[in-house]
Amino acid sequence: MAAVGDLQFEEFGNAAATAAENPGATTISIEGPGESPTHQAGLPRGSGREEDDELLGNDDSDKTELLAGQKKSSPFWTFEYYQTFFDVDTYQVFDRIKGSLLPIPGKNFVRLYIRSNPDLYGPFWICATLVFAIAISGNLSNFLIHLGEKTYHYVPEFRKVSIAATIIYAYAWLVPLALWGFLMWRNSKVMNIVSYSFLEIVCVYGYSLFIYIPTAVLWIIPQKAVRWILVMIALGVSGSVLAMTFWPAVREDNRRVALATIVTIVLLHTLLSVGCLAYFFDAPEMDHLPTATAAPNQTVAAAKAS
């Protein structure tokens, strides 16, 4: 057995020459820290990965899939199952709100903000805040319009809270449910590379309603022209988010079906905004009208008859 002092490192020359002399030898190349690894010329470098990243809208598709695979699914009757829908941090919520207020042409809202971690936390509290914003602003608007009239007596209309909650939550849940069912039906007929889950559609609709919260507060201004301008701005921003998000899901379908789907989505969104403005802010109030008083001669005649 050789002594320890006899062991020493030996530098070899060109690896190619060594391989030529000994065809059966195995060579290992150790590169320095500043050297970049070389790739063989005929192998494609992740062309499919680049296409997936382009569709996703960022470069974290592999991380997203890895994290999604690590999530453990729980039975739907357990609290842990619904807890995953609210597992979102403040930064993600603010980022999605910002994305709904500043839609980027050519960027898919679901793939850019939602798909990595769809949540119900943001949509739930956005809808709840919008309900109280519409109800409170509607009461204040009617109060300011009739302020100074002696015949007007302000009575808070608490029923507007329940009406607003029914309208907003029904829209935020039933419309996505119908749209999800329609997309599933069309995807069974037309092969499509873009598909959305029900949770993702609810998330898109919930965040698209955020712009109506400051709009409802500004509806207190007792000027119809200002209110309608605000409606058009909010409708343009939120409607563009919905149109740009769901157009990739139907563009491979029949042209008429695709256009009819997008038009229906925008029309339902328009009906919600215009309906809320007309009912909660422009509804005629009859409480301030003066009551009919009897004429003096009729009063005198009634006194003589008695």
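Our numbering is plain: 1 for the first residue shown, then up by one each step along the chain.
Using the three backbone atoms N, Cα and C, a Cβ is placed for every residue, glycine included.
As recorded in TrEMBL:
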type	residues	note
COMPBIAS	15-27	compositional bias 'Low complexity'
COMPBIAS	50-59	compositional bias 'Acidic residues'
DOMAIN	101-273	domain 'Yip1'
REGION	15-64	region 'Disordered'
TRANSMEM	120-141	transmembrane segment
TRANSMEM	161-185	transmembrane segment
TRANSMEM	197-222	transmembrane segment
TRANSMEM	228-250	transmembrane segment
TRANSMEM	257-281	transmembrane segment
Mean of pLDDT values spanning the domain 'Yip1' (101-273): 89
Same-chain residues near the transmembrane segment (161-185), Cβ under 8 Å, at least 6 residues beyond its ends: 123, 127, 130-132, 134-135, 138, 195-198, 201-202, 204-206, 209, 246, 249-250, 261, 265, 268, 272, 275-276, 279-280
Remote residues contacting the transmembrane segment (120-141) - C-beta distance under 8 A, at least 6 residues beyond either end: 85-86, 88, 93, 96-97, 156-157, 160-161, 163-165, 168-169, 172, 199, 202-203, 205-207, 209-210, 212-213, 216-217, 219-220, 222, 276, 280-281
Other parts of the chain folded back onto the transmembrane segment (228-250), taken as Cβ under 8 Å at six or more residues beyond its ends: 100-101, 103, 105-110, 179, 183, 186, 192, 194-196, 204-205, 207-209, 211-212, 215, 218-219, 257-258, 261-262, 265-266, 269-270, 273-274, 277
